[in-house]
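Undergrad: Quick one: structure below, then a few questions.
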Amino acid sequence: AASLASSSTLFLHYINDRLYHSSPSHQILCSTKKKKIKSQKSKMSSSGLKFTFLMPLMVACLMAASASIFHNDFDITWGDGRGKIVNNREVLTLSLDKASGSGFQSKNEYLFGKIDMQLKLVPGNSAGTVTAYYLSSKGSTWDEIDFEFLGNLSGDPYILHTNVFSQGKGNREQQFYLWFDPTADFHTYSILWNPQRIIFSVDGTPIREFKNMESLGVPFPKNQPMRIYSSLWNADDWATRGGLVKTDWTQAPFTASYRNFNADACVWSNGASSCKSNTSPSSASTNRAWFSQEMDSAKQQRLQWVQKNYMIYNHCNDAKRFPQGLPPECNMS
């Protein structure tokens, strides 16, 4: 009992510390629970068993404190109320109607990292809509790493559009169908970005790899920190069958949902990275395995499976688009 009481006291200190560092809204939410916890602290030494009954209360409060993902990490930047943080701040929704779409951006800038987000896309007839989820810097020579989901008529598959911009130059599109219905449930869309490669993944399956090809004269995004952005907007002039299918506004509002954001990344702040350097990141908080990660043979096989069965456009196969010759990155085996 004495050992249990000692452990419980340590755990109570941990809980209170987490609550103290949580967002103000969750401090208010848990204030009553904190009072209950404190009132029990003096009783622990005489009856450590009471700790067992307090565990669910403390764990629930800790979960609430750590669940404020979108409140802590993102700002809704436009849409006049069409972007919302709901479900105890665990889910963010963007909506689009005839008047406006909506969007958000990360509070932090990142220079390399592994970024994960779960999305559930606009269901039903989403023709003309685009849900964009991407990393981008600013300026005329910006860098950008894109996921864009192009809506379609009910029953038709979504198109997942990817692109990589470096020093303001893009035109590196690859497009895919997905092997599941992205509107029925949440799925994880990931960007792994390190100094040697960018890997786009869906539910852990790689769909595209963009390697650092500076040796061929191809700029690679490695010097400009980027924020995470997402928006839901109307693009019926091009998004669905080249603009032939227009948005059916009787189906509005269109809504996409986001949850379970995670960034194991180097945060850029005041001109410095939270990692030691661009070539040797700190391992203080995580082991940052992504920083030197390559695709093993199993990942390569999965990538080939996706590209064989689900790729519908590759700029490197579009000779008509590049009559002077394919871009240099297309010459890599």
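Heads up, the Cβ atoms here are built off N, Cα and C, so glycines get one too.
Pasting the feature list from TrEMBL:
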| type | residues | note |
| --- | --- | --- |
| ACT_SITE | Glu144 | active site, nucleophile |
| ACT_SITE | Glu148 | active site, proton donor |
| DOMAIN | 47-258 | domain 'GH16' |
| CARBOHYD | Asn152 | N-linked glycosylation site |
Undergrad: So how many other Cβ atoms are close to the residue listed as 'N-linked glycosylation site', meaning within 10 Å of its Cβ?
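TA: Summing over all protein chains shown, the residue listed as 'N-linked glycosylation site' has 20 other Cβ atoms within 10 Å.
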Undergrad: Tell me, how many other CB atoms lie within 10 A of the CB of Glu144 (active site, nucleophile), whichever protein chain they belong to?
TA: 18
Undergrad: What is the Cβ neighbour count of Glu148 (active site, proton donor) at a 10 Å cut-off, with all protein chains included?
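TA: Glu148 (active site, proton donor) is surrounded by 19 other Cβ atoms within 10 Å.
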